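This report concerns only the one structure given below.
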Amino acid sequence: MVKIAPSILSADFSKLGEEIKAVEMAGADYIHVDVMDGHFVPNITMGHLVLKAIRPLTELPLDVHLMIENPDSYIEDFAEAGADIITVHVEAATHLHRTIQLIKAKGVKAGVVLNPATPVDAIKHIIHDIDMVLLMTVNPGFGGQSFIQNVVPKIKEVSELVQTHGLNVEIEVDGGVNAETAPLCIEAGANVLVAGSAIYGKKDLKDAINSIRGV
Ligand code: DX5
Ligand code: ZN
């Protein structure tokens, strides 16, 4: 069954602990943490101190999506703050292989993120070294944007790449995922779906998660 990773970017920050517990109780598989620096993306969110504060509040893996320049400089901070998965944008990493090794050396799962316009070719030569590919279906920076349907064939392309090599790489999709767009992602081969507004924007969190999961 596909995993669901609620994005706390859409949570009420004044009660972040409760908001995380609530999605955990509602059946979430990961907690997706969107880190933005105001340079790589035009928005600023949270840093490793917030991650450290939420770490003791949940048993779920913390899936940390770094939308920052110079990711190498911050990997140690996020690893030590308790990240279980760290994903870095290929567009922000000058020496991607080195960045991946830095993450793995910290005992953290490593993933690579592709913006909507970035071709799958960008990860072809690193696919054996990573645990996750994250495909953006919006331009990163904000929650609540519309799903870019033209990315769906890329999900399929990554899925075929992973299968061809017989690898154990998770395929995550992020941006505009809801009960209508989730089936397209699942059908194309995604096995982890991030959703912010389609979960935290709903009254019944369990119902929201189930409808994205398609159960
Ligand atoms: C966008 C973030 C997403 C965002 C998703 O830059 O990476 O994780 O929170 O929000 P929705 O699901 O509302 O598009
Ligand atoms: Zn994200």
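Here the Cβ of each residue, glycine as well, is placed from N, Cα and C on the backbone.
Curation does not apply to TrEMBL; its annotations are automatic.
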Of His48, His65, His128, residue recorded by TrEMBL at the divalent metal cation site of His32, Asp34, Asp174: His65
Listed binding-site residues with Cβ under 6 Å from ligand 2, out of His65, Gly141, Gly143, Gly176, Ser197: His65
For the divalent metal cation site built from His32, Asp34, His65, Asp174, further residues of that chain with CB within 8 A of the site's CB center: Ala5, Ser7, Leu9, Val33, Asp63, Thr87, Leu134, Val194, Gly196
Spatial neighbours of Asp34 (divalent metal cation binding site) that are distant in sequence (at least 6 apart) but have CB under 8 A: Ser7, Ile8, Leu9, Thr45, Met46, His65, Met67, Gly143, Gly196
8 Å Cβ shell about Ser7, His65, Gly141, Phe142, Gly143, Gly144, Asp174, Gly175, Gly176, Gly196, Ser197 centroid, substrate site members excluded: Leu9, Ser10, Asp34, Val138, Pro140, Gln145, Val194
